[in-house]
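Asks: Below is the structure I would like to discuss, written out as structure tokens.
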Amino acid sequence: MKRQMMTAVAVCALAFTAGCAATTTSGEARPLQAEGGAQTFTPAPVTATGLRADYPTTVAGATQFVADAEAKMLTFGEYAARVQWARATNITFDTMWLESKVNAEATELQVQFANQAARFNDVAVDPVVRRKLNLLRLGIVLPAPNRPGAAEELSQITTRLDSTYSTGKFDFKGQPITLDEASLILADSRDPNETKALYEGWRTISPVMKNDYARMVEIANEGARELGFADTGALWRSGYDMPADDFAEETDRLWAQVKPFYENLHCYVRARLNAKYGDAVQPDHGPIRADLLGNMWSQQWGNIYDVVAPTSGGASSYDLTELLKTADYDPVKMVKTGEGFYVSLGLDPLPQTFWERSQIVRPRDREVVCHASAWDLDNADDIRIKMCTNVNGDDFYTVHHELGHNYYQRAYKNQPMLFRNGANDGFHEAIGDFVGLSALTPTYLNQIGLLKTTPGAEEDIPFLLKMALDKIAFLPFGLMVDRWRWGVFSGETSPDQYNAAWTADMLKYQGLVPPGPRPTNAFDPGAKYHVPGNTPYTRYFLAHIYQFQFQRAACKQAGWTGPLHRCSVYGNEAVGARFNAMLEMGQSKPWPEAMQAFTGETANDASAVADYFAPLNQWLTVQNRGHDCGWSEA
Ligand code: X8Z
Ligand code: ZN
């Protein structure tokens, strides 16, 4: 989820900012205090981007411009990616300084590309050049306006926000702890005082970000307007081969399709939490207390499976974390296992450099960005992941997710530079998730020796419940993060309303409330990586639909006639070949064509989610009988 100039260099890290100045600009190098653990640094002036400004507005001029832009993206992109990797895997004064500088340059270059591309709006170029010109206009996450110092100021802020998040720690039981430590405790804690302390403690790292965030929004909006968008949110909604307003409506439509199912799950989980904790902690009506769900943002609830497991008709006979620990897995073995799945589909093993250069565990001696990401440093073969892997079920899944990004990057490496990206950003997120659906089946776990026997149909409901706790619970979160940001970028939500709006969106979409009143200086959105990391989030909502479309289509191709959730495509090279054909297309065609290449479908379709979970939805409906489901949004 790297911002995608120089296209998706890293698919999950800090991204480029954008600015627009053809000549050298010297930013007002205000020394920046990176609070919350990161360091003070003074940025350097930005150098010229050196791109011609006078391409003739003819077919030949447009073609030459696109070729020059692609060449520049390739060389500059590799340079920027290596600086970004250096900062993400070693956060210091100097690496922040370097990244801030290179991101300002990248921003200027991107905005220059976007403005130049607009000069050819009325030139009758061929469809490939037209698509590339469009992508040049849309491939910026945070544009800066064309005035001296803007790109530098923006990049200083974004580097600082990301570094502040990544180095964040808070006191827990008298000790400073990191997010990954807190997340491990929260996953297992069943003490509501402790979960409340963890929830509130992690959110002490973000109030310091609020002013920076507000300033960043101002600058990026100024940049977006100069590029002809109403605001930065409108720019973000424009990357889906359809008008921005239609895309917003499309997400509404998809949410309406899956919302009844989410409400069913919410109702069931609430009742079980009430049974465990009692009315004083979790009433049997209204919203759920967000800290009781085993995840720092309540975005995936699988960690509390033990609390909500069926009380009759059989519970799950295994716990993936325990299986991994019993079998003595270590982080590298988890990644090797993930690679093994892709290889079983007929794809090539990862290059040796992947193993030499990836960051698979948290280094003990330095600050890093632990949020998992997949990188493609040279837009060719230097692919890597950056994780702080722990041996547990969540990270087993995340390994497959990240490798999906890497396999996509490698599959489209022979496309022209501007097409080296996902069909849309939701596709990029869905590749590894789709593979993960097979990799979590008991059949597969049995095939690789983790599970001694394959459970029968009596474990369908427990298995589906586990999956729904992660996949269905995620859907409203996947939507609400950008709903909040769209409101912020449009000005509908002003800085003094930032936190109240976030809490209101939690209630509206997820039916959740924080464990207690939030302090007046709270900036809870800043405690979720993708907000200070400036990674658009609707991609994950889409991915949670696409992966089930991929699963349904792949299992059909495999001739599978059983229930979708039991289907694994492990070892199926025919499916792998068709899958890879979609991956190889990159962003060369509108996403419906990529979707069609693999699935035969051309639309976003949440009916695949319903198909996959149908037995569970029926079961939940029965469990919820007599309960008053839902919550009030007021
Ligand atoms: O950020 C990620 C990946 C990297 S692209 C680990 N995910 C989202 C999140 O953690 O919030 C995957 C699921 C949603
Ligand atoms: Zn991802």
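Note: Cβ is positioned from N, Cα and C throughout, glycine not excepted.
Okay, these came from TrEMBL:
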- E402: active site, proton acceptor 2 (ACT_SITE)
- E402: active site, proton acceptor 1 (ACT_SITE)
- H530: active site, proton donor 2 (ACT_SITE)
- H530: active site, proton donor 1 (ACT_SITE)
- Y240, R539: chloride binding site (BINDING)
- H401, H405, E429: Zn(2+) 1 binding site (BINDING)
- H401, H405, E429: Zn(2+) 2 binding site (BINDING)
- N90: N-linked glycosylation site (CARBOHYD)
- 1-21: signal peptide (SIGNAL)
Asks: Going by C-alpha positions, which of the recorded positions (Y240, H401, E402) is nearest N90 (N-linked glycosylation site)?
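Replies: With Cα distances computed to N90 (N-linked glycosylation site), the winner among Y240, H401, E402 is E402.
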Asks: For E429 (Zn(2+) 1 binding site), list the number of other Cβ atoms lying within 10 Å of its Cβ atom.
Replies: 28
Asks: If you count the other Cβ atoms within 10 Å of each Cβ, which of the recorded positions H401, H530 comes out on top?
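Replies: Most Cβ neighbours within 10 Å: H401.
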Asks: Rounded to the nearest angstrom, how far is the Cα of H405 (Zn(2+) 1 binding site) from the Cα of the residue listed as 'active site, proton donor 2'?
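Replies: With the alpha carbons as reference points, the distance is 17 Å.
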Asks: If the criterion is a C-beta within less than 6 angstroms of any ligand 2 atom, which of the recorded positions N90, H530, R539 pass it? List them in sequence order.
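Replies: Among the recorded positions listed, not one has its Cβ under 6 Å from ligand 2.
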Asks: What is the total of other Cβ atoms whose distance to the Cβ of H405 (Zn(2+) 1 binding site) is within 10 Å?
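Replies: Here the count is 27.
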Asks: If you count the other Cβ atoms within 10 Å of each Cβ, which of the recorded positions N90, R539 comes out on top?
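Replies: It comes out as R539.
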Asks: List the same-chain residues at least 6 positions away in sequence whose Cβ sits under 8 Å from the Cβ of Y240 (chloride binding site), in sequence order, or say none.
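Replies: In sequence order, the residues whose Cβ lies under 8 Å from that of Y240 (chloride binding site) (at least 6 apart) are F247, E250, N424, W591.
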Asks: Can you tell me the three-state DSSP label for H401 (Zn(2+) 1 binding site)?
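Replies: It is helical.
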Asks: I'd like the number of other C-beta atoms within 10 A of the C-beta of the residue listed as 'active site, proton acceptor 2', please.
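Replies: By my count, 26.
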